[in-house]
């Protein structure tokens, strides 16, 4: 397809309330609710009542952290809003370190999701044993590249896929929830008695209760992902709050009903002994459909993989726009999609799939994101003090900021204190290793002549161009 020279190429504001709500729901609900929702129950000392209360409490905590991110996305309504926010609050070096972390954890996330998707997609064909590694990796690579192609076709191509995936995911969870309620009303006496005596079991110690809260809090992660797409949302100051107050209560209700359904059919002991709770539940309720559960989980993970590629490619695009990655990463194709950024992230994710040991090392970087959450809270307070007249269509309730900072700081300190490992030192060194790239290439602006020639060649090869920055800024200013 030839590129129309009269056509303006830039990231457009074309995503509305329905797409944004789908995006949030897909990001929050992963495979955990299908596979292993037993962590909260285990650390609640098998106290059913306490475990359900923990889920409600975690939903409230998730809402506070998501609303903190909402202030960032609404105040800075740009694509990858948190990058602009950190750059304004703490300077370009801190923003680069955030990018530096994302460049390596992003492909690790893609590889982990693709491998898990492949595992559940291929396992039904090996009922009596574990699936071989080679077919699993081949399927993971195929799924990742299919998702990459879909992302390169622009957000319009993703809209229908997200809608289908969200409907399928919510349909499965609704079936589990409603079936559980039906069995609770018409079921045996022991099912009803188990919930009537929900608080009769031993009350957990405070340390175990905190661990249960962490387990549940992770299940709600992903609520702040809209900051990646704030620059492509229509009227972000209105759309973002509406999406949050639709998606999070809906996810909370579904999580509670699904757990209630599991506990109606399975005893706490049976739930803890199961590696795939949804599979065990289906085997008890409708044995004929047991084979379908792995495919349902795969469909759920496929939608998560789509949104993950979408997010990581936008990070590379914005960093390039701000001179912290090569100019090539900010080029767009005729579908207004950052094709090279998508290609880069999918390629790095493919390498991580082949070298699976790398994923274990990359997983140690995840706790670093809690540091960024703490810095974001500090940044919000800093801007409120230094720039009180900055236009803020929305301001989060101040106590929510301190609650979010306390939870995120705990997620950093507790692993270090409870089970210190040498790998955390490696993560710290990796974190500072960004200096080796920042100083010569960004601070001193070292230019590589051969890379400029490569940029011109790839622009012609892939039919891509530098975005019309003036039009993109107009779209941002209009918001």
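Glycine is treated like the rest: Cβ placed from N, Cα and C.
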Practice problem: For residue 43 and residue 384, give whether Swiss-Prot records them on the same side of the membrane. | Solution: no
Exercise. Please find, within the list 15-35, 267-287, the residue stretch that Swiss-Prot describes as transmembrane segment.
Key: 15-35
Exercise. May I have the DSSP-based helix, strand and coil counts for the residues of the topological domain 'Cytoplasmic' (69-89)?
Key: 16 helix, 0 strand, 5 coil
Quiz prompt | Contact yes or no, the transmembrane segment (397-417) and the transmembrane segment (48-68), 3+ Cβ pairs under 8 Å, gap 6+ | solution = yes
Quiz prompt | Positions on the same chain near the transmembrane segment (209-229), where near means CB under 8 A and six or more residues out | solution = 15, 20, 23-24, 27-28, 30, 32-33, 37, 39-40, 42-44, 50-51, 54-55, 57-59, 61-63, 65-66, 68-70, 72-73, 79-82, 240, 243-244, 247-248, 251, 255, 307, 310-311, 314-315, 407, 410-411, 414
Practice problem: Between the transmembrane segment (15-35) and the stretches 48-68, 90-110, 166-186, 290-310, 339-359, work out which stretch tops the count of Cβ pairs under 8 Å. | Solution: 290-310
Self-check item: Per Cβ pairs under 8 Å, the stretch of 130-150, 166-186, 243-263, 290-310 packing most closely against the transmembrane segment (90-110)
Solution: 290-310
Quiz item: Which one of these stretches, 48-68, 130-150, 424-444, has the most C-beta pairs shorter than 8 Å to the transmembrane segment (339-359)?
Solution: 130-150
